[in-house]
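**Student:** Please see the structure below; I have some questions.
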Amino acid sequence: MMELDTIAAISTPLGEGAIAIVRLSGDEALTIANKMYRGKDLTTVDSHTIHYGRIVEPDTEEMIEEVMVSVMREPKTFTREDVVEINCHGGLASVNRLLELALYHGARLAEPGEFTKRAFLNGRIDLSQAEAVMDLIRAKTDKAMHVAVRQLDGKLSKLITRLRQQLIETVAHVEVNIDYPEYDDVEEMTLNLLKERIALVSDEIIKLLAMAKQGKILREGISTAIIGRPNVGKSSLMNALVQENKAIVTDIPGTTRDIIEEYVNVRGVPLKLVDTAGIRETEDLVEKIGVERSRQVLNEADLILLVLNNNDVLTDEDRQLLEIVRDMEVIVLINKTDLEATLDHDEVKRLIDGKPVVTTSLIEEAGIDQLEQAIADTFFTGGIESSDLSYVSNARHIQLLNQAKQSLSEADMAIDSEMPLDLIQIDVTRAWELLGEIIGDTVQDSLIDQLFSQFCLGK
Amino acid sequence: MYNAGHYDVIVVGAGHAGVEAAHAAVKRGAKTLMLSLNLDMIAFMPCNPSIGGPAKGVVVREIDALGGLMGKVIDKTYIQMRMLNTGKGPAVRALRAQADKPLYIQEMKYQLEQLDNLTMRQAMVEELIVEDGEVKGVLTETKAAYYAKSVIITTGTFMRGRVIIGDVSYESGPNNQRASIKLAENLESLGFDIVRFKTGTPPRVNSRSIDYSKTEIQPGDDNPRHFSYETTEMIVDQIPCWLTYTTEETHEIINENLGLSAMYSGMIKGTGPRYCPSIEDKVVRFHDKPRHQIFLEPEGRDTEEVYVQGFSTSLPEFVQHKMLRSIPGLEEAEIMRSGYAIEYDAVVPTQLWPTLEVKSISGLYTAGQINGTSGYEEAAGQGLMAGINAAAHALSLETLILDRSQAYIGVLIDDLVTKGTNEPYRLLTSRAEYRLLLRHDNADLRLTKLGHDLGLISNERYESFEQKLAAIEDEQKRLSKIVIKPNDELNAILQEIGETDLKEPLKALELMKRPKVTYDVIERILEEDSSLDIDVKEQVEIQVKYEGYITKSRQQVDRMKKMENKVIPEDIDYSAISGLATEARQKLEKVRPLSVGQASRISGVNPADVSILLVYIEQGQIKRLSEDER
Ligand SMILES: Cc1cc2nc3c(=O)[nH]c(=O)nc-3n(C[C@H](O)[C@H](O)[C@H](O)COP(=O)(O)OP(=O)(O)OC[C@H]3O[C@@H](n4cnc5c(N)ncnc54)[C@H](O)[C@@H]3O)c2cc1C
């Protein structure tokens, strides 16, 4: 934990301000920054200087960001360690990517308040401020925990739990062979068997990482389709969402307003409103392209907002739409509640079968809060049926997944060189622990619990 | 009441913990008294007649490296010796001996009788003499008051012991010895937190009633190794154990009579260990397993009694007869002693400092099963440490706390005092995060110097240890200089053992890094027949072969040490630290860890709490508890 290794974190509040900073502190701050950076050799530049350059992807050298990098050598820094600050203006997605890279190259994600803690431990901050430092750690931790829990998607958590279970069963198997060598009712774990089991888990982690790399959620948002018959209020909905959330939309310089308007951040859920133009032209989707094709188009969306008219009876077209989206992630809006209710709400609820239904009057700006809440609920309870598992968006999760993958690949290499099982098992256990950190489960005793529930042991 | 004398250290109990405690205290120069209920039962094994095995066997070697008795005595009294896990890595290889139970007792007693500074006396201790939070001595049933600066309690499963067989239950220690009631009550009145645990043992049968032809033989090793680094002579005449299995019929009998089991009728309230389930437990929990292994283990050379391993039970006696007789080979079996369960008091071990001293009573130590562990080796390891530290307390010498990277004994005690235990605690290799460093082959390398520094290891033995160290180093140097060149003869050898051909010249040491190239293979290749001790060869091979993993473990240890070296004062006032979460504060107040590292292992103390603690300690102005708050 608190080995004085090199730490990294985003040091500007997320989503606020045009410039974001990734800060590194520790012995290896310069070498790590240098690995991600193309420009001057940062390890040789003078202290307290600023440099222009590019941050690149490790394998492809593909450019991610143009940045300004400040290099500050110890001891005249905030933490009294070498400090590097990478300034970028790319908004949430790219600053996250920079952090991921720093972690990838060997930094550890800073704990809440850790920069300040180091400043203190290194004697930079006055003893009298100890109290303040402790309060800061507490406050930041509580907040970070809150965020971490919210960021953890239910599906990801289930998947990780499953992978961990596979690993622990394997480890328990190895352990039982060790601690109870004479018990014949336990099949002897072999290198081949172990290799197979490791590969299963490893493949899943690689898949997860590949998806994370797409960074779908943070970079693109949840692709959201607004559908409904002409004149039910689709454009008003679009405008309401955009206006309502303008303040939190990341302001990306250099990009056009059109694109900005497509992204909205609703209570922390980044939405990408697809096919804006189409919506504005109030076209009739089903009539235009047919039922099957509509289904396909809608299938590509992660979230569907279906708008119905409160002031009209349910038409065949509405029914068709409801039928199509019934098994998708959908929120139904019954709009125009300012007008007389001719729509049979109960019928709608029956047809859509358990999916959220929100009533709004977009003209009077009523019900938007409830809609936003419904969107947030759908996302944070993990209910979203995305076409892939793209929810690994947290830099910490990605780092842990990477490390777990690394541990498993070391285990795999050890298998190839025919190391004894109990040594290989060290790396497998490590992978299990790392995955546990993602879902906040690090109870050490669970291996022993597993051992005794899985096998019949005794004297 | 009469004054029966003054000592430096008093040890209450002469089980596996008690004997090591007394011996270690004497070796450190303490005038020591050992009191026990029955001197014919010194280091008695109330359960299986065996010592060692994975993790436990390493503990025996650690005890030996610190000058203790267990290894020496078992080396003299075993009836069978086996090295387990030979097909696995070096970290988990383990020696296990089948003991000659009566002989073990006799030899242990004899060894202790040779100690000048030790008084052994048969007595029932009923009370501790405690004044102002300090222990002063003990009172016995026969009204003797013995005084000492340190007292160690090692009363095992005797505290309010209760034996249960089916619906029969009576107050008793193991094997129908007297239970220790008054002392248990005394501990409670002194404010100890007590838990109720249980364990059990299988029936013993007469060997002459067993038909061994229906069982499989389990012989000892052809070339038996030894536990003690001092042992030079091995017992070659070994006695086998035998393997048989339960049958469907056994399981039916058990199922039919489950209602009569003390465990299932709710008569037993204590928590039993999951790793020693009774046979009825196994049949219930793993009901689709058609059979369970049963090992038949002789209790000694000069006795016909046989221990039925795998058959621990608290079912009524008449059911035990029936069950046994449904097992191949045991159709005619004559039970000599019935199986039984025993419930007893244990103290919650988080009440102890890592020295095993009781936090609330200075000079008082507890060790062994009374601390919530189970097993002879676990008891002996604690006894040794308590003996070392109680003597230190009495004579103002240096104390000894082993950390998790130094010894399994360190892991054991750290787990106990930091996390406590909610079932009888047994050591398992998986409890040790640095088990690759905690091998049985290097226990002497890890601990002999410590033992010598504390006066537990003789100069003579220490010299021979230093010679071994030098021999290992010399041999590594030598092999790192020899270059092996590829040729047909060499490659023939490599092919024979399943390795690929050598193409480029290579140092002998490097070649040994290949998985199948053992030290013996190198010897063959070099056409030498080294006179080196087998232990030395083994050490060279292990250190070379697993270098990568060993280095990795060492790095982990170094990181852990940084936090381990951040000392927390014993009397720190946690309520003065703002920002600690409530749960963390409560846990910290209870455990009172001695280092930030130890604090971080307490469940319920989160990284943020550890950070806050670290900052608080670092700022230097630490608020301490006043005398009466402690
Ligand atoms: C029925 C049974 C089954 C067991 N099964 C297993 C098992 O399956 N696996 C396993 O690992 N371990 C098992 N054990 C545990 C193992 O036997 C103990 O862990 C080990 O013997 C404990 O050693 P000890 O020194 O702590 O206590 P003990 O060996 O019990 O020694 C206690 C000593 O204290 C003395 N004493 C007690 N009270 C007083 C008093 N008031 N005054 C003076 N002297 C006193 C006794 O005379 C005795 O010498 C079992 C124990 C029992 C009883």
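Including glycine, each Cβ sits where the backbone N, Cα and C put it.
So TrEMBL lists the following for this protein:
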BINDING   A:Arg23, A:Glu85, A:Arg124, A:Lys459  (6S)-5-formyl-5,6,7,8-tetrahydrofolate binding site
BINDING   A:Asn231, A:Thr250, A:Ile252, A:Thr255  K(+) binding site
BINDING   A:231-236, A:250-256, A:275-278  GTP binding site
BINDING   A:Ser235, A:Thr256  Mg(2+) binding site
DOMAIN    A:221-380  domain 'TrmE-type G'
**Student:** Roughly how many Å separate the Cα of A:Arg23 ((6S)-5-formyl-5,6,7,8-tetrahydrofolate binding site) from that of A:Lys234 (GTP binding site), to the nearest whole number?
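**Tutor:** About 43 Å separates the two Cα atoms.
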**Student:** To which of the binding-site residues A:Asn231, A:Lys234, A:Ser235 does the lowest count of other Cβ atoms within 10 Å belong?
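**Tutor:** Comparing Cβ neighbours within 10 Å for the binding-site residues A:Asn231, A:Lys234, A:Ser235, A:Asn231 has the fewest.
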**Student:** Under a three-state reduction of DSSP output, how is A:Arg23 ((6S)-5-formyl-5,6,7,8-tetrahydrofolate binding site) classified: helix, strand, or coil?
**Tutor:** strand
**Student:** Is it possible to get the count of other C-beta atoms within 10 angstroms of the C-beta of A:Glu85 ((6S)-5-formyl-5,6,7,8-tetrahydrofolate binding site)?
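**Tutor:** Cβ-Cβ neighbours of A:Glu85 ((6S)-5-formyl-5,6,7,8-tetrahydrofolate binding site) within 10 Å number 22.
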**Student:** Find the average pLDDT over the domain 'TrmE-type G' (A:221-380) in the predicted model and report it.
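**Tutor:** Averaged over the domain 'TrmE-type G' (A:221-380), per-residue pLDDT gives 74.
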**Student:** Just to verify a number: CA distance, A:Lys234 (GTP binding site) to A:Glu85 ((6S)-5-formyl-5,6,7,8-tetrahydrofolate binding site), in angstrom, no decimals.
**Tutor:** 44
**Student:** In terms of DSSP three-state secondary structure, what is the assignment for A:Glu85 ((6S)-5-formyl-5,6,7,8-tetrahydrofolate binding site)?
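**Tutor:** In the DSSP reduction, A:Glu85 ((6S)-5-formyl-5,6,7,8-tetrahydrofolate binding site) maps to strand.
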